[in-house]
Amino acid sequence: MKLAHWMYAGPAHIGTLRVASSFKNVHAIMHAPLGDDYFNVMRSMLERERDFTAATASIVDRHVLARGSQERVVENIIRKDKEERPDLIILTPTCTSSILQEDLQNFVDRASTISDSNIIFADVDHYQVNEIQAADRTLEQVVRYYLDRCNRYETLDQFVTDVPSVNIIGIFTLGFHNQHDCRELRRLFRDLDIEINQIIPEGGSVEELKNLPKAWFNLIPYREVGLMTAIYLNKEFGMPCISTTPMGAVDMSECIRQIQQTVDTLAPSFSNKRVDYEPFIDVQTRFVSQAAWFSRSIDCQNLTGKETVVFGDATHAASITKILAREMGIRVSCAGTYCKHDAEWFKEQIKGFSDEILITDDHAKVGDMIARVEPSAIFGTQMERHIGKRLDIPCGVISAPVHIQNFPLGYRPFLGYEGTNQIADLVYNSFALGMEDHLLDLFGGHDTKEIMDKSLSTDIDLIWNPESRLELSKIPRFVREKVERNTEKFARKNGIQIITVEVMYAAKEALSTQLRQ
Amino acid sequence: MSVKIDETLTVECETGNYHTFCPISCVSWLYQKIEDSFFLVVGTKTCGYFLQNALGVMIFAEPRYAMAELEEGDISAQLNDYEGLKRLCIRIRKDRDPSVIIWIGTCTTEIIKMDLEGMAPKLEWEIGIPILVARANGLDYAFTQGEDTVLAAMAHRCPEPEFSVRERKETIQKLFAFPSIKKGELVEYANHPSLVLFGSLPSNVASQLNLELKRQSIKVSGWLPAQRYTDLPSLGDGVYVCGVNPFLSRTATTLIRREKCELIGAPFPIGPDGTRAWIEKICPVFDVEPQGLEEREERVWESLKDYLDLVRGKSVFFMGDNLLEVSLARFLIRCGMIVHEIGIPYMDKRYQAAELSLLRDTCRRMCVPIPRIVEKPDNSNQIRRVRELQPDLAITGMAHANPLEARGISTKWSVEFTFAQIHGFVNARDVLELITRPLRRQKNLEDLGRTTLVKKSNKF
């Protein structure tokens, strides 16, 4: 039992529902009590979805508790089958059904004999996996189900396409900027002259899944969802998989080079044409993406050495950390992720790009870390945005979980070359807000806030004389507390009781020599 | 209390496959209402995720509620529930020092049969803070009924009146003889047994209703819940109680059976007609002749004229999710609207008897048939009916609002009625403000055309 106010990743069934509702004509039936169909609200509100979400609940109530679901689940499946004629019905367990331990697989088997739809039972345990892991598993389960079936009936057409082609796996509903990323990836592959075989699950049809092996290779844009499917496809069909997230100029190039390598390896056996994407990378990096130029511009120079904190899912936190450190020369004091299950990969990715690494799903720990580091800007989830608000630190939102304002109507990809522009804007705007604040302070702006006494300064009777107090008030607000604390630390260390302007600057000097060493 | 309802009024029952909020959502308004409380929801990630998403911004404001998140060890009883809860409650006491901790039992605690009621008194004694238990779970209840379970639990903690009714009468007579007591205060009110109102309302709405009764020289001696847990009203034999919300049937039952109070069965003070009927039911109980109510109601209706012109003749469909439906439908029918269907999660015909008969009277008066009332509705059937009826307005949950709008059906989120101020004469305007908003918006966009924004092939 633990005390919790907020969580980064939702419960398992949400992941399953996200995958189910992304496919076309797939219906999810939750085995859940009244009120657990909250997913429909999220989808309808956050994504502003125009269609009814294809997820319903087979309600678990007092009667079910007493007598078991008995016919009810089967009836509900068959009813949905008649009403909606879906291709696939996914029976989704919730935390409630995890404890009830009813044989839901048995219901599925029984319903399968009567209904026209295919029916599967999502193999996710509430207490073992979270939303992200469940989504990954469910996607793999659906793909495996359809491919296995084709294999059984030997109807699988394994001939790959004549021209290079790709499956994009892992674009789905309620994903962070997924729709925009998807459009950007389409554009990228069009430019590279690579055909898109399928995009799953978003907008995909389960009946088409049998054609997945026709592609030359798979692209997994996000680490969280799609990797299991890609590994399965690799094992069964030998399909190569590229899982470098095409986010940021450097990783973009890396991803495209991997694509080139893959295409070239396969080309001799299929089409004999070799590809050379280097000129494309060069033109895009230098002229289409503004990010490379931005890094050299005077704007970005001002950001050099500024401290930031990054927190989010593994994909976005790792990519953003690399962009900040490698492409913009910004110092990442701490980078972290709530994807505890993927900690090793994350650590390896950001090795050398961040001073500290934090792996946790406890928002209080993230808050404490931010308060301790006092960065000039934060890049995180909605939670970090609120922490930032409280501490007066600007924050750019780079990862789920998010609010409705992170489902913009306008075109805002994070991936691809346009994505690099968007990220540059996001980063610059976050800091620019801090700069404005700074200028306001420099010119004595409309800042009338009293200097707040923070914990460290109150425990020993240090006295700031009037001059030094005045001097302190002239220091930009966003670094003032830090200066105050450092000065007091210095004073205490040197046995000084009264802080004068001289002490302040001695402290500053001591600190900068310390840093230089 | 009369339970006889006209035969023309029937309540159908469907499958219960409908969308509503989980009853644990009541913590969101109750923690704000009861200032010195702390709500601990004992449940899983699913409950937490719901609260986090449903309450949005409130989460970040360091609210006085939290999840006691059950992990696998708790479910399989490898860990000691009592020790776990004790640890969390001690931490809450240290961080927040509340006057009461309210444990909200969920589906999971029901299924694993965690004995919250058994543990609470023991822990209460051990840590020295009152602990209430409310089983606001989705297995038994819908949305606003969560408040009902909390208030029913709280009713047990109300103090007994200091004197019996007879004694108090004597005391009051004695006080009259005492010159030192402020006279003004005493003659303002009729000499009547104490009246306690139940139902959580924002404090200004509560004082508006107090004032409304004060005009009839009736004194409200307390509210369940009060602004602070430490100010709970006295309850007991001879105390009259009256509900202000239609979803409080358990609380009403508890007050009658356990606390021996007298329940005044009245329609609910929603809309000017409801408010007047509510006061008119309370007055005779205390031998008070209602004064100037008719004029007051008339004035309110007049002030609503601009809105009434907008809604008259328009049709409404209640999908049903918060139990306010009957009262709202009754008010809207009186406003001249046509109600196709009143969906409602649960209908307590005894507790809502007076409201139902006012609905019947209103329908007669407005010469419209009584709408069908559908208990435990089935959303997919309802959506079919909405498609056939094409109402001017569907009052529905957020899961269906956008899809219906895209199909050219104006909607209003039903949750808003739970959070808006809709009680009493003063707030009648707010109800219509909410109701007319989609209609006004529609009017603004009329000239743009394109009311249907889905492709033809999409299912309704």
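Every residue gets a Cβ built from N, Cα and C, even glycine.
Nobody curates TrEMBL annotations by hand; they come from automatic prediction.
Going by what TrEMBL states, the [4Fe-4S] cluster site holds B:Cys47, B:Cys107, and the candidate of B:Cys13, B:Cys22, B:Cys158 recorded there is B:Cys22. Sequence-distant neighbours of B:Cys22 ([4Fe-4S] cluster binding site) (same chain, six or more apart, CB under 8 Å from its CB) are B:Cys47, B:Phe50, B:Gly138, B:Phe143, B:Gly146, listed in sequence order. Each of the binding-site residues B:Cys47, B:Cys107 was scored by the other Cβ atoms within 10 Å of its Cβ; the lowest score goes to B:Cys47.
Classification of B:Cys47 ([4Fe-4S] cluster binding site) by DSSP places it within a helix. If you average pLDDT over the domain 'Nitrogenase/oxidoreductase component 1' (B:22-437) in this model, you get 89.
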